[in-house]
Ligand SMILES: Nc1ncnc2c1ncn2[C@@H]1O[C@H](COP(=O)(O)OP(=O)(O)O)[C@@H](O)[C@H]1O
Ligand SMILES: [Mg+2]
């Protein structure tokens, strides 16, 4: 079937419009880029800044140590993210339990989220990594593990609230439908409520994981050398800030895939809503 | 002995008395239509029978077993009663087939393959076999409601409760759901249906119960209740329904 002249005209017009917008976008990006480069490189202090922040030799020298530190960040991020998600979910589920038997459990879970959302991470870190070993108990884990635990308890406090918001966003009629089929409370949670809840709060959960990625480096306050700490050591030796730039670029590269996934999930969630 | 026996059922929300010493019986293979003004407690009664609400007084027996005994296991009781809601309440994250097999597999311990076969057979009977892999939001209201009924039926409940299952549907979709219920009646399924479809109640119900003031004010065969209601309140209610063109 052939299209009417009116439709052909519409298609041709839209195609011209698309081409035009692409051209305009490219041109404005180019102009802005040139302006930025001129402004920065033309600044009176540019040469000194370039020397102390963008020295290629220093970058090359510091890269192996910074990478080694980054590997620590990655491992910590993985274990802490898994731990915090699991613990957060557990605390959220405990908070939703009904009935007088569970009152102490509920109270404990509620106290947990209040405490660890209120307490600055640095304080938890110091108490865990410096305070606990002071007890000189048998089998005390390494500073690194203790630091990881501090991150897990702090972040699970936030994640528990995200999970709880998700659980509460599932309409009561879904629970009624599940229970009326004879599913137990646990089965209802597992098969009906949680799948819907987690889907709904996936974007904020991933967002908190991105934030965690930046915070895992704080364990270096207790000794272990992460990427930022490695950069700091190099800077102290050379009086040049380039290692920080190296670490910063690596962090962004590391975060990019996670952020991209978050955006994609958010977009998909928004689409499903409509 | 009746399949379902409600005696002196009382239900309050705050200090608002919704059911006030209600007696209600359903025999096996019987189809009972609950009618009554909006807010007269039809949904509340069905939810009480399914133990989704707790009674404030009275007893409910199913197959002679006291199900409102606090020592009875409500999960076990609900396994024997199916309920279908006005808003379908399908699980949106599961396909049609997954919605239907969930309870047979998880609650009744049926092998997955057997449950699938049974579900597909039921879906085929109601003309929805090709929708088995679709998610509920891809279905029309009438199709969703038929899936919801199938989801309740695959568990072979002793009693099926239908709460205004056509009220949320566009008029042209009501017919397909009603004809499905008519088929269930000829299969001998025991049903209690709260409904505003008086014409349908007249066709399919063995007995009509008019709920008013928290009790069954009047009941009987549909031709009798609709043609020569005894109570003034029933006449009033039916008069309003006729005025609205629904009888
Ligand atoms: N969960 C509830 N909380 C408070 N009041 C309720 C609740 N459910 C129902 N009601 C009240 O109980 C009365 C009966 O409601 P319902 O059983 O839904 O009536 P029907 O289904 O006959 O229209 C209404 O006045 C309604 O407002
Ligand atoms: Mg109702």
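Each residue, glycine too, has its Cβ placed from N, Cα and C.
What TrEMBL records for A:70-262 is domain 'ABC transmembrane type-1'.
As annotated by TrEMBL, transmembrane segment applies to A:20-40 (among others).
Sequence annotations record features per position, and here TrEMBL assigns transmembrane segment to A:76-94 (among others).
Long-range Cβ contacts of the transmembrane segment (A:114-132) within its own chain (Cβ-Cβ under 8 Å, at least 6 residues beyond either end) map to 140, 143, 146-147, 149-151, 153-154, 156-158, 161, 215, 218-219, 221-223. Among the features that TrEMBL reports, transmembrane segment is placed at A:114-132 (among others).
Annotation source TrEMBL lists transmembrane segment at A:144-163 (among others).
Sequence annotations record features per position, and here TrEMBL assigns transmembrane segment to A:244-267 (among others).
Cβ atoms under 8 Å from those of the transmembrane segment (A:244-267) belong to residues 53-54, 59, 62-63, 66-67, 69-70, 73-74, 202-203, 206-207, 209-210, 213-214, 227-228, 230-232, 235 of the same chain, restricted to positions at least 6 beyond its ends. Sequence-remote contacts of a segment are chain residues at least 6 beyond its ends whose Cβ falls under 8 Å from one of its Cβ atoms, and for the transmembrane segment (A:20-40) they are 46.
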